[in-house]
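Chemist: One structure follows; several queries about it will come next.
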């Protein structure tokens, strides 16, 4: 939901334009992106490759469930671009940090990484403090005394639930995603087309 200009340095309209720009840059930098130099263009349905079709299916899958969005590298990148316009990218960054943390096998690395994540996202006045309740924060602090791969599970679940309930629906309703989904739908319907999609309007 848009807040007052006193709360944010940019208006809702400017934030929407910023998301489109970020998403366009994301597409352009993607390995699947157009090499024309135009931001927001994409080779959706090249007859010489299945990559365009696969990407369009990926895009359409993002609205099926939050799990599918988070399991897609492109989806995470697009969602992160959107969250930056809402000044809430720390939620996704924390979730991703927890996912990487769980992959660690060294007890020494677990301990040091756990403290870095706590200092960056969990403790009061953290530079990227996420919105969790006091009880969850203190539980996580206690877990750090003997850090394991699951010591952030409670906090990660709370943040994920917040994103799924709050940010994810707004992402799906955003003009930029709807434009992208429209292009993806058209590409899926015409897989043999080699014409680039229309650029996102900014």
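Cβ coordinates are placed from backbone N, Cα and C, and glycine is handled just like the others.
Pasting the feature list from Swiss-Prot:
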- 65-181: domain 'RGS' (DOMAIN)
- 2: S-palmitoyl cysteine (LIPID)
- 12: S-palmitoyl cysteine (LIPID)
- 168: phosphotyrosine (MOD_RES)
- 177: phosphotyrosine (MOD_RES)
- 183-202: region 'Disordered' (REGION)
Chemist: Just to be sure I understand, if DSSP states are collapsed into helix, strand and coil, how many residues of the domain 'RGS' (65-181) fall in each?
Modeler: 88 helix, 0 strand, 29 coil
Chemist: Would you count the other C-beta atoms found within 10 angstroms of the C-beta of residue 177 (phosphotyrosine) for me?
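Modeler: The answer is 21.
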Chemist: Determine, to the nearest whole angstrom, how far the Cα atom of residue 168 (phosphotyrosine) is from the Cα atom of residue 177 (phosphotyrosine).
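Modeler: A Cα-Cα distance of 11 Å.
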Chemist: Count the Cβ atoms, other than its own, that fall within 10 Å of the Cβ of residue 168 (phosphotyrosine), considering every protein chain shown.
Modeler: 21
